[in-house]
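> OK, TrEMBL features for this one:
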BINDING   N105, H110, E115  oxalate binding site
DISULFID  C31-C46  disulfide bond
DOMAIN    60-210  domain 'Cupin type-1'
SIGNAL    1-21  signal peptide
Amino acid sequence: MGAQILIVTAFLALTSSLAFASDPSPLQDFCVAVDDPKLFVNGKFCKDPKLATAEDFSFKGLDIAGNTSNKVGSNVTQVNVAQIAGLNTLGVSLARIDYAPYGLNPPHTHPRATEILTVLEGTLYVGFVTSNPENRLFTKVLNKGDVFVFPEGLIHFQFNTGHTNAVAIAGFGSQNPGVITIANAVFGSKPPISDDVLAKAFQVDKKVVDYLQAQFWVNN
């Protein structure tokens, strides 16, 4: 009987932790982030609430277009806990994405957040790929005012199909959603992944891997 209770307790603990596997709910009105160079925590330390100001909850400049003069033709302006300290523990953030004509926000993932994207200007071809073994591709062409959701952790992208600039705003279900750009991580890691590993994984010649690893990968 004791063993059965232990198994049930462990199962409930596991399922409850999975159910809340995202930013934890705050235990007070707010927790304005403050850095402590001597310690590391899962998130940020809190400033004394009595010392918080309106500036801790605001950000200026999201109306300014990002510089898209790079190889992929896009730029992401992040507004997360690093820019707004008051977002700490609140579980939300956002970003502005600017796209040059035919600009691309390359295939990437957000390991800690679902993303909801709204197109403000232009036309975007967007999509995401489900996990193994199906690897099913979901795509859609979005116009001004259209909205699309990218589930947490899945590889996704946005491509400007138009002759003019495009702009989108993305909301995230985390104060720090993180980003892993696939090409950067695979071919631009430091130190580099062995070309034996990548040649076998991608079923290509090592020279192809060496060429890709020699490229300058844009961190968007």
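Cβ atoms are placed via backbone N, Cα and C, with glycine included.
Where the annotation comes from TrEMBL, it is an automatic prediction and has not been curated.
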> For E115 (oxalate binding site), just count the other CB atoms lying within 10 A of its CB, please.
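Excluding its own Cβ, the number within 10 Å is 23.
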> By a 10 A CB contact count over all chains shown, which of the disulfide-bonded residues listed here is most packed: C31, C46?
C31
> Given the binding-site residues N105, H110, which one has the fewest other C-beta atoms within 10 angstroms of its C-beta?
H110
> Can you list the residues of the same chain, besides N105, H110, E115, whose Cβ falls within 8 Å of the oxalate site's Cβ centroid?
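What remains near the Cβ centre is A95, H108, T109, L117, F150, H156, A170, F172, P177, V179.
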> Could you tell me the C-alpha distance between E115 (oxalate binding site) and C31 (disulfide bond) in angstrom, no decimals?
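Between the alpha carbons of E115 (oxalate binding site) and C31 (disulfide bond) there are 23 Å.
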> Taking only the Cα atoms, work out how far C46 (disulfide bond) lies from N105 (oxalate binding site), in Å, as a whole number.
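The Cα atom of C46 (disulfide bond) is 34 Å away from the Cα atom of N105 (oxalate binding site).
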